[in-house]
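Chemist: Attaching a single structure in structure tokens format; questions to follow.
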């Protein structure tokens with residue numbers, strides 16, 4: 001027990017600085033000898049401080065990190081920023097290419113009409129009294145001119161003043177001009193307009209039209225100037241038949257002219273109205289068959305109904321619209337007759353050129 005006492009007595013005689021030095025050396029020696037203790041538990045705040053000081057970074061392999069560094073940020077701006085190379089000037093299209101581009105496929109409506117073979121687009125009303133009025137007026141004017149030319153110009157009576165034959169000469173010329181006006185009014189009146197297929201119509205094949213121009217042609221039937229002659233038929237391309245305006249508006253206007261506007265009927269009301277009209281027609285026919293002797297007197301009104309309007313139209317030419325067909329002017333009657341879909345079919349198939357023909361005198 002003596003050495004410890006000596007050690008204690010020895011340490012009492014040393015200064016305080018030596019005590020601290022000896023204490024540090026003993027602590028370092030004990031740390032080296034003793035094993036490392038287990039990790040102590042940490043509070044949440046200390047963990048946050050450690051994370052802020054040393055953040056974890058995920059290292060990627062060199063093969064994956066290299067493309068990420070070399071890839072440009074946005075793709076679209078980089079393409080926009082790159083200067084575009086000037087392209088060589090394109091060659092002008094040839095004439096054959098332009099013709100091929102103009103021969104494009106027609107509308108589905110034209111194809112649908114062409115599948116039917118022949119479709120009636122327009123049919124004019126009867127012009128019997130109009131033609132009778134024109135020929136009657138023309139005959140009167142010609143007869144007047146011939147008679148006075150024979151009696152006054154060629155064989156003047158005795159004692160006639162010198163200026164009377166000259167005055168009658170002017171009158172005869174005026175009457176002859178009026179006769180020409182009346183007679184020429186009966187020519188080039190369109191009777192029917194039909195759409196015929198370019199493959200199924202024998203008339204189109206006989207007319208030697210160029211192929212590949214479209215699915216259909218337009219067949220126009222016109223009345224000849226003099227009676228008892230067959231109507232004249234011609235075939236044209238749809239582009240050759242030029243309408244001065246839309247026919248749908250004109251046909252609807254003439255259809256509603258003088259008719260009191262009615263409210264639109266429902267489907268059931270339209271069916272009932274149609275059935276009533278059919279029943280009325282049956283009763284009228286039954287009455288006519290039972291009273292045949294008095295039928296001409298009852299139908300006289302229908303026969304002579306168009307006498308006065310026909311005579312008036314022979315002077316005024318009211319209701320005839322001028323249209324250009326193949327570079328020539330024809331007359332289309334819009335006051336009556338029949339048109340497919342009230343003229344809308346012609347508007348869809350034929351070109352509309354308002355300045356093709358002067359229609360300043362057409363009815364509004």
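Cβ from N, Cα, C; glycine included.
Keep in mind that TrEMBL annotations are predicted by a computer and have not been checked by a curator.
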Chemist: Which range, 82-104, 105-127, 128-150, does TrEMBL list as transmembrane segment?
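Modeler: Per TrEMBL, the stretch marked transmembrane segment is 128-150.
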Chemist: With TrEMBL as the source, identify the stretch among 11-53, 54-96 annotated region 'Disordered'.
Modeler: 54-96
